[in-house]
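Features of the protein shown, as given by TrEMBL:
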- Tyr73: active site, proton donor (ACT_SITE)
- His135: substrate binding site (BINDING)
- 44-319: domain 'NADP-dependent oxidoreductase' (DOMAIN)
- Lys102: site 'Lowers pKa of active site Tyr' (SITE)
Amino acid sequence: MALSKDSCITLTDGYKIPIIALGTFSPEVLPKTTEDVKEKGVGTRKTSKETAYEATKLAIKIGYQHIDGAHLYGNEENIGLAIRDKIADGTVKREDLFYTGKLWLTFLKPEYVETALKKTLTALQLDYINLYIIHLPISLKFGENLTPVDENKRFIYDKADLCAVWKALEACKDAGLVKSIGVSNFNRRQLEMILNKPGLKYKPVCNQVECHPYLNQKKLLEFCNMHDIVLVAYGILGSINVDTDWRNLSASPVLHDPVIGKIGQKYNKSPAQVCIRYTIQRGIVAIIKSFTPKRIEENFQVFDFQLTEQDMKEIDGLNKNLRYWDFKPLADHPEYPFHDEY
């Protein structure tokens, strides 16, 4: 597969999604414990904003065309400013950039979907975004608190009709607020629920999920390919240094795996670059989160080498079905997606 910095995958609705994205999630937005949820809401967000602005500007300058964001991250105003600054200085045109936003759990009712999307558009100060996806198939109580808890510090769930939410997303696409619509963290059963919805107008163009050599999502990828749904991968570099109940803290880092290291040495590439190349060679969109200038640049230097079929098989053999992001505080919700096999 010939890949370049301009490589895209064509979505079922005809739009194209760039194969590499800058991830803008910052660990500070997630609570460490449910006690932190009660005390701090969604976290401190102290580094998320200014660093997201600088990282986004640098990424666009380097050649990234895809920025992956979310209302939860609390930094869309800064990312929007960075996008507008790079358009204003002539680096890019709006039509050259692809922005992904996410519908958060407290807005999973049909009547809140457009409101939530307009919050993102207002924060970004853009007329439209390219892709809007359901962040997780789990509904929390509507309100300004993005992680509502009761007096026992348990999350306050709400019942979500995902098919009705999808219909509201279709209306946002028809209104021109977003070009494409998709989902995130959906399992096969939940995808089938949308695909089999009576009166379906637009099927999900993508499913954004954790995917890396220790969780290669082979079965889910096959299912998505069968239905022309693009798999978008987050967490492709494996473990990140954040102490939170939302993450599996016992998992060993994929970047320390000797097989990845050996393959990297063969091409004079870092373990991170090998993981990125492995992802995009599988036809999966890679979201790479870094706010470090050197790494933002290095993570984009993956188009001057190609893994062999044997390399790909060796990395496939590392699969452990291991999740770094298991969202365990939400595991008692009936639509928690990770109880299913895939």
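Numbering starts at 1 and runs along the chain as it is shown here.
Using the three backbone atoms N, Cα and C, a Cβ is placed for every residue, glycine included.
Ranking the recorded positions Lys102, His135 by how many other Cβ atoms lie within 10 angstroms of each Cβ puts His135 at the bottom.
In this model, the domain 'NADP-dependent oxidoreductase' (44-319) carries an average pLDDT of 94.
The residue listed as 'active site, proton donor': 25 other CB atoms within 10 A of its CB, across all protein chains. Straight-line distance linking the Cα atoms of Tyr73 (active site, proton donor) and His135 (substrate binding site), rounded to a whole number, equals 12 Å.
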